[in-house]
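K.L.:
Copying in the features that Swiss-Prot gives for the protein in this structure:
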BINDING   Gly17, Pro18, Thr19, Ala20, Ser21, Gly22, Lys23, Thr24  ATP binding site
BINDING   Thr19, Ala20, Ser21, Gly22, Lys23, Thr24  substrate binding site
REGION    42-45  region 'Interaction with substrate tRNA'
REGION    166-170  region 'Interaction with substrate tRNA'
REGION    249-254  region 'Interaction with substrate tRNA'
SITE      Thr108  site 'Interaction with substrate tRNA'
SITE      Arg130  site 'Interaction with substrate tRNA'
Amino acid sequence: MHMTSPSAKPLVVSIMGPTASGKTATALAIAEQIPSEIISVDSALVYREMNIGTAKPTDEERASVPHHLIDILDPLDAYSVMQFRQDALRLVAEISARGKLALLVGGTMLYFKGLKDGLDALPQADAALRAELDAEAALIGSPAMHAKLAKLDPITAARLKPNDTQRIQRALEIITLTGQPMSALLAQAPKSELPFTLLPIALEPSERSVLHARIATRFDAMLKDGGLLDEVRALRARGDLHPGLPSMRCVGYRQSWEYLDGAYGLAELREKGIAATRQLAKRQLTWLRGMPERQTIDCLAPDVAGSILRKIVSADKVPK
């Protein structure tokens, strides 16, 4: 293996996949073989005080390999695709300058797309317009706003859930500001050339039922001894958080909040939490299928990390 020459673009590996596909364990195994640092590509892991429901890497795992973009925000705050792109580009440059391999690891596919394709075609947020849209949503509800979006931008509406208020509002905001649907703007946006060579790896299950079983096992582990519920109780006790925030809309947290509100019992919480996680995995796999450049590896196969390592080595650009 050769060191990347100063003029050549460094190699960066993205490890994408649905929830419970083993992305973290795979990245850690790769980092044992090649000097690496991990950049989290996860819209839930950015939040502090949210550890159990996000399946955040443990302190031991984070001590063994440097991790970035984890615990960088208070749950009261929001984090945009634009912010992620800026942070990721900066971190890749810093990690490469240290002679290490940057591993982009996660399941927030919109972040991967934003990093790869850029977002220059989309206008900045307009606070006054957003306030108007928020007021309208409070009046008629998020599903009605989703129906409105479906008439104006059916492509974007099709990939958003009716209760995904934040992204629905953003899509409507873009239409109002530009007169064009977000899907059209993204399609015509000039592709911005990345300052690195990207090796996109997708961990996808050969048997969807096995992934579903993993999801159920993991959610049960989160509920064990009241762990997730205690975490959400502590977040509620702060007094400044509410279910409409991006952080509290994360899978598992929304359902736990509703359970603590008395909306349903523990058995239904488990059922709803597992169903929501399975839906998330389905959406993640749909996103991945729209990335023809990805190199797919069965996340259920033995030695997933070894398969990826062979692909990295064949790229012949890795730090020693």
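Each residue, glycine too, has its Cβ placed from N, Cα and C.
Model, not experiment: these values are computed from the prediction.
I'd like these features described in context: how deep, what's nearby, how far apart.
P.N.:
Counting only same-chain residues six or more apart in sequence, the Cβ atoms lying under 8 angstroms from the Cβ of Ala20 (ATP binding site) belong to Leu211, Arg214, Ile215, Arg218, Thr277, Ala281.
Around Lys23 (ATP binding site), the C-beta neighbours below 8 angstroms that are at least 6 residues distant in the chain are Ile15, Met16, Gly17, Val105, Gly106, Gly107, Leu203.
Panel annotation: around the region 'Interaction with substrate tRNA' (42-45), residues 53-54, 56, 69-71, 79, 106-108, 110-111, 246-247, 250-251 of the same chain, lying at least six beyond its termini, place a Cβ under 8 Å from a Cβ of the stretch.
Under DSSP, residues within the region 'Interaction with substrate tRNA' (166-170) fall into helix, strand and coil as 5 helix, 0 strand, 0 coil.
Tertiary proximity for the region 'Interaction with substrate tRNA' (249-254) is limited to same-chain residues at least six positions away from its ends with a CB under 8 Å from its CB atoms, namely 19, 43-44, 47, 50, 53-54, 163-166, 219, 222, 228, 232, 235, 243, 273, 276-277, 280.
Thr108 (site 'Interaction with substrate tRNA') counts 21 other C-beta atoms within 10 Å of its own C-beta, drawing on all protein chains shown.
Arg130 (site 'Interaction with substrate tRNA') counts 15 other C-beta atoms within 10 Å of its own C-beta, drawing on all protein chains shown.
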K.L.:
Return the residues near Ser21 (ATP binding site), defined as same-chain residues 6+ apart in sequence whose C-beta is under 8 angstroms from its C-beta, sorted by sequence, else 'none'.
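P.N.:
Once residues fewer than 6 apart are set aside, Ser21 (ATP binding site) is near Gly107, Leu203, Glu204, Pro205, Leu211, Cys299.
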K.L.:
Do you see any of the recorded positions Gly22, Thr24, Arg130 whose C-alpha is within 10 Å of Thr108 (site 'Interaction with substrate tRNA'), and which ones?
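P.N.:
Of Gly22, Thr24, Arg130, within range: none.
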K.L.:
Counting every protein chain present, what is the number of Cβ atoms, excluding its own, within 10 Å of the Cβ of Thr24 (ATP binding site)?
P.N.:
22
K.L.:
Can you give me the Cα-Cα distance between Arg130 (site 'Interaction with substrate tRNA') and Thr24 (ATP binding site) in Å, rounded to a whole number?
P.N.:
36
K.L.:
Going by DSSP assignments with H, G and I as helix and E and B as strand, what are the residue counts for the region 'Interaction with substrate tRNA' (249-254)?
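P.N.:
Grouping H, G, I as helix and E, B as strand yields 3 helix, 0 strand, 3 coil.
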